[in-house]
Each structure stands twice: as structure tokens, then as C-alpha cells.
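Novice: Straight out of TrEMBL:
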BINDING   C:48  NADP(+) binding site
BINDING   C:125, C:126, C:127, C:238, C:239, C:279, C:294, C:295, C:296, C:297, C:298, C:320  FMN binding site
């Protein structure tokens, strides 16, 4: 089963609860002899960490990673790489009020009913704090396939959206705290998020990811299709409600005569409605996809709910939360993409003797 | 790896090429003692089979299933259930012209480049004929969890779409050949598909699926989330470009204060933007999701393409193809949903001693 | 779970009951572009098949294999290879007497108690007829790694045993029906088996397997050790009670100063108590191991037993059975060895970028 | 692949090198709501730890376990349980001499050749220090199935052996430092090990394990047979060369008429040559098996060997090592048995709806 594992050849297994001792994981299947720059791992964690800007949760975590195995004299040994990130700033008393109460659209209710016994503090294992381990593992995965360029960015916040058909300079993504490559729209998004937060409310948004320099041939028929694994990866991220790649939902309105990507003589295609994947296998064109995030469920206003004896209660969010999850989701989307691609890359090595 | 396997406890492994000897699979992990009605399996295959109406491919296949193991005296024995469906009406000569040519937006190019050696006839294993095995296995899965009601239907064809906010009588779905529960819209869709086919063109569409009577507690944190497995299942279906559940992409424009589903005292929620799943675990409300299908890549008009020595060629589709994949996708979406849910149902049995 | 699957990269999934419709399986993960000689597969099946000599069961099966997928124009395509072997000569009425009775030391009792509902005919899925699929898959695996030489032979029948320290000419193995490379001992074994059968009794024995030309580096720490996977493979064969490799059980009586294998300058070792594997990884020396088979449980004499209402009954074996399983086990041991080694070989390809 | 994972439903993934930062693992699939006594875990670790008596390695490790997740208010939550045991007393300088040298019958040579880059300190990941994590996980597994009694003991050291046919009082096992239930033989074994150590030599031995109160029905056909999983578990332990259960190798010399276990009316059998497992499924009788351990490869005398440029060198063991691995192997054998049985127990819950 391995409920807390992801990947086949390159396989991440994680543990940890939001207010437990620590978060961490074991990344198995990393090839031997790869030089690992631990600063790059920490940089990715810093991109994800709370408290990094005025529009994200103010929980303070240094999110310093400790690597415990699998790297020797700066290089991988082929042994599993274990890592740990401490939970330093958990304020569990912020959560004592929900010990017996179920926050709307959170996992409190379903965990309680399924498992009977749950760690309610900060949402326990259902918290997005879990993704700190994904980012750590993804930063290692990126170093397995350094030639592949993975670039995620904020595509929309609420109704404020980039233009699907415009090409943006993705080097601008990290130049603003909302991680949108259009500086003007970024400013609007930031203002909007701040106003939403002032209301004690939250808002959703979309992340787009473009992957370049993908070798031809990654992915496998029929149940290891590259895009199906990307979909599972993205849908595993907290608060995600949708995934589309290539032409996506809008492609359903197209005719085949427009949608088909005509080959150039060199094997590239004139258009790329396929999104870089045909029959589940990368075709060498850029892979691109979008991920839909719902508004964060924790509000700073009062909401009606029920408790575990099914009485009606009023809940007001305490704790520190993101008013919009999208800016911090960017490195998470990239990390999961890296894990999927590195796994497919290693798997492809077994296709021929 | 198990590239051609799907599921954990209930695990389907399939084989077969479109114009090979037969299609089939092995469904492992079926509990013992379940009465299997083989007519129900055949009914599902009949819902999927080619040639069933004027708007689908005219390939003639009886798609009669032969079960080879695992059922004794009408009941499952707990042993793997193997099954086979013959390829009777393959007209491989229709494909000799693409032996060395790559059809646009098909898997010809990527299979050739990845594997070097490919069965080009009818697309080989990349053909949607593969899904005949999924429907067979799904029809068994449905009988493991007969209390769960899975109802997929055509939500849109091109721009002809049902209304998201209207509730339809899903008993009407099978009353027309396009499988849309709104009879008037169904007629429009049918006319539209016929006109598209007359042009030698194809069109995309969306399938919606609503699942009722799902027990509370199915799905597992953090990499066996119920919706993540549904996403992988749907994205594995040929021609699928997107998946969303609950509020989906439109939820990204909402505020948390609107999106949160407020609990009633009995644990049900007033709204269901969560789509019946919270934290990856079913909450007892209906699960609903949408699946985006691109237009079929095979056109009956001429298209420019390249061959395997990268010369430019002209290709005109031969063979028999669906002008719109959506009507035949309905039983496929249901089957994969049944496989995911039955697997989660069995897995849940291990949550407590 | 995949209860009926074996292997990681190269993964065999099987189905079938002794007196069911057919036996078969799907071999997934076979690399593309490998030429497959189907005659070699049939030859292996013929080495295993019943009725081949006077000292094995007289059930008549041609055991002709039909391959259904994954091979095109004589070469593998990288797609799963499905195959089927018919059950032609099942005489299920031979088994109606055990419908409600449990044969001693068979799986009748445990299957009935575990599954509730069982196919009692010929032992159903607990029958060694299952291994016909393993031999078919193993014959494909051998063609993935043709440079590795796998040679199993009868080491002992009852107390008639080869000498551990003598080197035999393994080209002689197939020159007699008991498959023992010492012709004189082989004759004694044959006479002994015949006399045992005349008494309606059965006898056990040991199979030894020597594998040469194994590339250095197969196997993985810590839960994919090459010898641990060989052990699981061998212990999965019906009637097997023990496995040892290298110095095995007798090595427990040795001192380290004698047991250690001293390296020559070329990396070979002077002795090979390690059995060709150190730390779970092949070291380039021959791998050798022994497998212990108990006497077949079906006797042609009367035995006391119980039925499913726990009354005492007398059972006399009907059906056709082997008086000693060892001669027919030789190709089975080789096949499972080939599956383990080919899997480890493919897995090793992912150890380096 | 999951090279460093063991088990299906209950799945252990481990990491760590002998002289790395720490050892540890993640145990996934533990059911929710189980009370965990952490003292019992520490007790098992103490039974295994180095320095506990005069006949084992004098490396000093407190082997104190820290549990990081999955247990809340004393009970399991169904989330993965991560744990860590520090490497406190590694003396890596003891190993600088083997940085470029390959110790005979160790994994130095095969790791170097397979991975290219290896952590040579103390054998890195090939060290039996790894088993500290197995014992920790096994101690949790025991608490999932507290009704099953698992009792391993020293069966032989060199040629000093218990009598196969005598029944011993296993409550005596822990009363002496060699863990042999016959006090007189234990004293002889202790003296023998001491004399062997004085010579700078090592010796092998056998562990026997008896498991009582196993529920009927654990294990699955055909590739999850209970004894095949036990074999893989045992063969994964460092220095193990053989495994047998029930009648084992000696059963190969028996006739079926003696070997068959005749049923009593209550379903128990008069004899138990089957070793508590029939057709891969537990039959309710005690399970028993033996495990063969070779002599430890590290000697305190001088041995010839080669280095990584294939020159001849002389190696004398430094570091602290066990002269006989068997006494410390007892809790390891028990732990792996507990993991296999708890996994089979959970898996069995999916056999029926």
C-alpha cells in the first residue's frame, strides 16, 4: 500500500504532523555518484517557508533541513536519503478549541470519522506543512535531472489572471512576493490578497507550470502515463481541486483539425496543444499544465460548524494561515513535478537492454 | 514498476494491442464469496462497444468477455480473475500506410522514439481499445461495492453544454445515444457530431460523474487521497486533458467564506464545493468530478505530417473512428471510478484492527 | 498488494486453477527490441510438462503456449506479454470426493477456512499446475539475459544424494529422466522413485542450482538483496520447505577464518562460500543454492482425515500425481531464478544516471 | 522499487549507515487506535544493542529511540510512525584503513563496484547496525498483534546444537547471554564463543523461532505465501545463508506417508511437519523455522585481501565486532517475524467484504 509514499523507482516516503516533533522523509532510489548541493535544497525550502513575506502565514519556521544518510563526501551513495525539518514554532494551544470541533471544509471531520483517534493540533497530518518534505525531496530530484527546467508561477488569484495566450518572461516570477511574472498584475494580486486578509477571508487561484528540455520518451503506457502521474502529484497537494495539461478543458471545445499538432521535419510540432506529451510519453516539446487551488478553509471570521457530539458550535480561526495558498504553492508544484520527471527518467533507463 | 497495473489492494493488470490477438487482463485482490453476475459485465461492455450507434466508430466487435479464473459456482474465490476479449474485426491493412508515418497528435511518434520497435497497427497499445479491459474490470468492481451508485454522463460536446447549476435526471442518460440526460440538448449534440463527422473532423467534450452513497472514510493521507487516485484514473483514459472535482477550476475564483461547506448537525454539509472529499477522504456527501476529452486525433481529411526518416508526408485517416469520444467514454469513466472506489473500500478495512 | 504478482521492474502476474479454463499470466516490464524465440519457451514448457516420462504424473497436457501481446514481428515491443496455456486433460470428477474433505498436508483446509468459498477441483489455485506460467515467463526472462547460464539439477531424492564437494558435468543433467548429472546415481533414483510409487507413497528431494556469468552488481541493499529475492522465489514453489545459498546451513558450523573468501587480484575469490553474493549484491562468482522439496502430499494409499463438518473420513488419492516432484521442479527453479536475475539486471540500470 | 522498504499493508522503510548521523525508519500502515507502550520498544532495542554482555561487540550505544510522528496521546493515529536512533559511538577512524581496501566476505567490494561511490565507514549501509531499525519497527508490529507469541532462541553455535526433537522451556531463553533455553548447553556455547574470540576468530550458528497463537488464514496465494515472506525477511538479515520451516531440509528424506500431518477432528494436526503453514496460509498450528547464520566476516587476525587498485594487501580487523552474531540476532529474527505476521494479519482483513 505505502499510503505515504510517492513514486516508483525514485520513491519518497514521508511522515509528520503540523504540530508534531518534526516533518521529514526518506527518498529512496536516488542514483549513486550525484553531487548534491545542499544550499539548493535550503533555497527551495526558503521559497516555501512561512513568514517569508507579508501575504503569507506568519508562523516562524527556519525550516532548516538536516540530512541524515545517503550522501557521503558531497555525493549520493545510492542509499536512501533521509531528512528532517523541525517543527519549531508550533503554537498548539491555538488549536485546543478545535479538539472536539470540526472546521468547515477541513479534514477534521473525515480524519475523526475514519481513524477515530486524531492529532487535532494544527490539522495534524492533513496540514500543508507536510509539503515541506516534498520540497526537500523535489530539490534533490531536481539535481538528478539538472538539464530539465521546471518553472511554476502564479497564473491567477481569484479573477485576476494572466492571459493564456501571452508569453511571459518567467525570470520575473521570483521578483515579487506573489510570484507572478507580470509585475503589474502581481501588484494587483498582492493588493487583493491583502484586502481579502483584512476581511478575515481567503481566496483561491491557479498555478501554471512550464517544463522545458524534457527528453523525449519519458512516461509509460498505460498506467504510468507521464501526465497521469503529474495529475496524481498535483492533486495530492493540499487544497488542489483541478488539473489540466496542454489544451486542457478549453480543448474540449476545439475541433480535431485545429487541435492536432502538425509535425515539423525535425519532430517538433507547430502548435503544442498536446502539452508536450502524446500517448502518455513526452515528445520533446515543453510540458505545461495548470493546477487549481481552492480558497484556504481557515477563516479569521466566525463560522457555524459542529463538534464531535454533533452539536452546533461557532468557530473563529486562530493560528496563522495563508490568505491565499498560491504564492507558497509555486515551489511545491515544482518539487512534485521534479519528483515525477526524475522517476520517469530513471524508469526509462529500463526500457532497453 | 508494474507499468500496466492500476490499484493497490484491488489491482488490475492489462495487456493487448488494438489489432493484436486479444485484449484482456487480470484483476487481483477481489474478495472471496462475492456473487458475480456476468450479464452485468457484458452489459457494460455493450455500453462501450464500437458500432453501437450511428455516432460512433463502425468497427464491429461483439466484445464478448471470457472469464478464465477466479469465479467458481458463480462466486469469487479470492483468486485473480482473468478475462479476455477478442479482437475480431481488426482491419490492419487500414494501417499499413502509417507503418512508417507518424499521425499528428497520436502516440505513433513517441512510441517509435521511446521503444524503437512498435506495433503500428491501429495504434497498437496506445489505442483506446485498451479500455475494453477497464470496463470489464470495472463491472466486477461495481459488484464488490454494489451499494455505491456511479453515474457518468455527457456534460458537453464542443460548446454545447449542460448547465453546471441545474440538477438533471440521470435516469435519462441512457435514453439517447450521446448519453446526455437533457433530451433536447442530446439531440443538438447528436446533430452536431453528425455534422462534424460529415466534415471528416472531430470534436471534444466533457464527462461529468456523480457518485452517491459513498461510505464515509474512503481514501488515505497523504499519497492515496481519494481524489488524487480518481485523477490518475481519469487522466489514464485516452484523450483526457483535464480533471476537476468539487468546485474545480471555478473554485479558484471564490472566497473562502463562500466556498466552505457548513456542516449540518448530522454531519452532512449545506453546500458541497468539497465534492464529497475532505483531506483526501470521503465525507459521505456525493462525489462529483468532470473529465475533459480532447477531439479525436484521427481525421478523415488530409493532414501534413512526417515519416520515420523525417520526410514530409500527407496522411488521410483510414480505419474507423469516433468523431467524438465522449459517448463511449461514459462507461469507461464509470469503470475507472468503480476500480478506485472498490480499492479504497478494501484498503479502509485495514485502518482498524 | 498484488498477491499474484512477482518482481519489480520485470513483473509477472498470473491466474488460473488446476481444473479451470486455462493457466496464464502477464509479464510486464520486458524491455523493447528483444528477439524472442518462441520455440525456446515451448521447450521449457516441455521440460516441465506432465506425462513426459514414466516417473511423473500421467496427466496429459500439451502445454502449448499462446502469446497474445507484446511481441511484434518477432521482437518485444516493451508492452506487456500475455500468454495462456489451456487445461485440456483435467479430470475434475477425480476430485468430487474431496469437495467437502480436506486432504492431509494439502491446502484444502486453509483455503476453505480463509476464503470460505473454494474451487476444490484438483486443488484449484493451490495446485503446482500454476508453475506452468512461471516456466513460460522464465523462458522469456532467460532471453532478456541470455549471457547468464542457469543450471538446476536434482541433487537428492530421499537419502540418495550427490556429493556436495564433487563437481559434476551439468551437461549430463537432461540425459536422464530424473535430471541428475550423475548417471549411476540417476538410475538408482529412478528405481527408487518407481518403487515408492508402487507403494502408493511419495518422497522428497533437493534441487541445486548453479548460475554462471552473473554480472557483478546485481541486487540492492537492504530489502532487495539478490539472495533474499531468490529465497522468496524458491519458497513460492509448491512443496518447498527450505532454501540455502553458498555455505548454507553447513556454514553455521564453520569458523570465520575458514569461511571467508579470499580475493584474488582480479576480484575473484579463492573459495566461494559466499555463493556469489556479498551484501546482497552479486560479486561475479557463480551463484549457487539448494532448494528442499517435501514429499508430495497426495498418496495412493488410504489416509485418515476430516471433512468440512469436522467428521473423520478416509481419503484415498485419485487423480494423477507425481511420486517425487523434484524432476519436474528443475525447469521451475530455473525459471524463477531467471525472473529474479532479469529483474535485478533491469533494476541495476537505474543505479547510475 | 522501494529498495529499502519491506511489507505491503504494513510497510517499513529504513535509512542509515553504520557510522552516519543516525539510523531510522518510517513504519506506514499501522492501524489507528492502538495503544503503544514505548518501554516495550526500548526493551527490544536493549535486547539487541551492542555492549550488553561479554560475548558481543563492545561498541557502546544507548540505542534510545525517538519517535517523531504517528502516535498521539499514547495511541496510534493511522499516520506513519517515524523513529530515529542515534549513532553515538561510531569510531570511524577504525575504518580509515579500509577506505580503499576490500575486506574478505564483506560487502566492500560489491558496493564499490556497483555504486562507484561508497561510505566505507563501518561498512556503511551494509552493516548489521541497520537492524536496529527493524527491531524498533518489529516492536511496534508486536503490539498490533499482541495475541501472537513469537519466541526465537539460539539453536546452535558452531556444532553445539540443541536436539531437534526435544521440547525446551522457552521461558529460559533470556536467562543466559547466549539466549539458549538449555542452560547447560548455553554455558558451553558461551565458553566456546569466548575461546573463539580469544583466537581472533568468529563462528556461525542457527536461530530457531516458534510462533504460537497464529490465527488461521494468514498468508495469500501465490506470491504472498506466508512462509515465502518469512524467508525473504530472514534472508534479508545480515549474515544469513539459509532458511527452512517445518520439516525443512530433513523433510526431503521423508516419505509422504510419514510426512503428511493427519487432521484431528478439531482441525489441529497430530504432527506438524507442515510447520503451521499449508499452501502458504497459516493453519492454526505453531509456525516454526530455522535460520542459518554464517560466521562474522570481520576477524581480529590478519587476512590477505585486495584494494581498489587490485593490489594485494593484508587486513587486520579493527573496530568492535561480534565473535558470533547469533545471540544478538534473536530479537532481530523476532522483529522481522512480527512485521511479516502483522502485515499478513492486516492483509487478511481485505479477503472478505
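Placed from the backbone N, Cα and C atoms, the Cβ positions cover glycine too.
No curator has checked TrEMBL annotations; they are predicted automatically.
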Novice: Name the binding-site residues, out of C:48, C:125, C:294, C:298, that lie close to chain B, meaning a Cβ-Cβ distance under 8 Å, keeping sequence order and answering 'none' if none do.
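Specialist: Filtering C:48, C:125, C:294, C:298 for a Cβ under 8 Å from chain B leaves C:125.
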Novice: Among the binding-site residues C:48, C:127, C:239, C:294, which sit with their Cβ under 8 Å from a Cβ of chain D?
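Specialist: Out of C:48, C:127, C:239, C:294, C:294 lie under 8 Å of chain D.
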Novice: Using all protein chains in view, find how many other C-beta atoms are within 10 Å of the C-beta of the residue listed as 'NADP(+) binding site'.
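Specialist: So the Cβ neighbour count for the residue listed as 'NADP(+) binding site' comes to 26.
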Novice: Give the number of CB atoms, excluding that of residue C:125 (FMN binding site) itself, located within 10 Å of its CB.
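Specialist: That number is 29.
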Novice: Including all protein chains shown, what's the count of other C-beta atoms within 10 A of the C-beta of residue C:127 (FMN binding site)?
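Specialist: Cβ-Cβ neighbours of residue C:127 (FMN binding site) within 10 Å number 23.
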Novice: Please classify the secondary structure at residue C:125 (FMN binding site) using three-state DSSP.
Specialist: helix
Novice: Quick one: give me the count of other CB atoms within 10 A of the CB of residue C:239 (FMN binding site).
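Specialist: Taking every protein chain into account, the count is 22.
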Novice: Write down the Cα-Cα distance for the residue listed as 'NADP(+) binding site' and residue C:296 (FMN binding site), rounded and given in Å.
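Specialist: Spelling it out, the Cα of residue C:296 (FMN binding site) and the Cα of the residue listed as 'NADP(+) binding site' are 16 Å apart.
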Novice: State the three-class DSSP label for residue C:294 (FMN binding site), counting H, G and I as helix, E and B as strand, and everything else as coil.
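Specialist: Going by the DSSP assignment, residue C:294 (FMN binding site) belongs to neither helix nor strand, so it counts as coil.
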Novice: Rounded to a whole number, how many Å is the Cα of residue C:298 (FMN binding site) away from the Cα of residue C:48 (NADP(+) binding site)?
Specialist: 19
Novice: On the Cα atoms of C:125, C:126, C:127, C:238, C:239, C:279, C:294, C:295, C:296, C:297, C:298, C:320, which are listed as binding FMN, what is the maximum pairwise distance in Å?
Specialist: 44
Novice: Using Cα coordinates, what distance in whole Å links residue C:239 (FMN binding site) and residue C:48 (NADP(+) binding site)?
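Specialist: Cα to Cα, residue C:239 (FMN binding site) and residue C:48 (NADP(+) binding site) are separated by 16 Å.
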Novice: Can you check which residue among the binding-site residues C:294, C:298 has the largest number of Cβ atoms within 10 Å of its own?
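Specialist: The residue with the most neighbouring Cβ atoms within 10 Å is C:294.
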Novice: List the Cα distance (Å, whole number) between residue C:125 (FMN binding site) and residue C:48 (NADP(+) binding site).
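Specialist: Counting only the Cα atoms, the answer is 18 Å.
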